[in-house]
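Chemist: So Swiss-Prot has the following annotated:
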SIGNAL    1-19  signal peptide
DISULFID  Cys48-Cys62  disulfide bond
MOD_RES   Trp51  6'-bromotryptophan
DISULFID  Cys55-Cys66  disulfide bond
MOD_RES   Glu60  4-carboxyglutamate
DISULFID  Cys61-Cys71  disulfide bond
MOD_RES   Glu64  4-carboxyglutamate
Amino acid sequence: MEKLTILLLVAAVLMSTHAMFQGGGEKSRKAINFSETRKLARNKQKRCDGWSTYCHDDSECCSETCANSYCTLIKGVRTTSHPI
């Protein structure tokens with residue numbers, strides 16, 4: 001009778017442990033899907049050009065200022081000379 005009781009206790013512990021890990025696996029899968037979704041969203045964002053890059057329009061530059069066909073270093077600053 002003691003062996004049966006011990007066997008039932010071990011079975012109960014194993015089943016509860018299995019259920020606990022199964023539930024945690026679902027949460028981690030959701031967390032992974034969430035992080036993948038965020039990463040994909042960041043990759044889809046429009047990239048901007050850095051300072052001294054040739055441009056046609058303000059929206060192409062990170063500083064949002066295209067002056068004399070080059071992106072400026074500081075937002076809103078329009079220089080009259082070409083960058084280095």
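For all residues, glycine too, the Cβ spot is worked out from N, Cα and C.
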Chemist: May I ask for the distance between Glu60 (4-carboxyglutamate) and Cys66 (disulfide bond), taken between their Cα atoms and rounded to an integer number of Å?
Modeler: 8
Chemist: In the structure shown, which of the disulfide-bonded residues Cys48, Cys55, Cys66, Cys71 has the fewest other Cβ atoms within 10 Å?
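Modeler: Among the disulfide-bonded residues Cys48, Cys55, Cys66, Cys71, the sparsest Cβ neighbourhood within 10 Å belongs to Cys48.
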Chemist: In whole Å, note down how far the CA of Cys48 (disulfide bond) lies from the CA of Cys61 (disulfide bond).
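Modeler: So the Cα of Cys48 (disulfide bond) lies 5 Å away from that of Cys61 (disulfide bond).
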Chemist: Might you list, by sequence position, any residue in that chain lying six or more from Glu64 (4-carboxyglutamate) with a Cβ less than 8 Å away from its Cβ?
Modeler: Cys48, Asp58, Lys75, Gly76
Chemist: So, three-state DSSP: helix, strand or coil for Glu60 (4-carboxyglutamate)?
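Modeler: For Glu60 (4-carboxyglutamate) - judged by DSSP and reduced to three states - the answer is helix.
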Chemist: Roughly how many angstrom lie between the C-alpha atoms of Cys71 (disulfide bond) and Trp51 (6'-bromotryptophan)?
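Modeler: Between the Cα atoms of Cys71 (disulfide bond) and Trp51 (6'-bromotryptophan), the distance comes to 5 Å.
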Chemist: Would you count the other CB atoms within 10 A of the CB of Glu60 (4-carboxyglutamate), including those on all shown protein chains?
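Modeler: Looking across every protein chain shown, the total is 16.
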Chemist: C-alpha of Cys62 (disulfide bond) to C-alpha of Trp51 (6'-bromotryptophan): distance in Å?
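Modeler: Answer for this pair: 8 Å between alpha carbons.
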Chemist: I'm trying to understand the geometry here, so how far is the Cα atom of Cys66 (disulfide bond) from the Cα atom of Trp51 (6'-bromotryptophan), in Å to the nearest whole number?
Modeler: 10
Chemist: Determine the minimum-neighbour residue: among Cys61, Cys62, listed as disulfide-bonded residues, which Cβ has the fewest other Cβ atoms within 10 angstroms?
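Modeler: Counting other Cβ atoms within 10 Å of each of the disulfide-bonded residues Cys61, Cys62 gives the minimum at Cys62.
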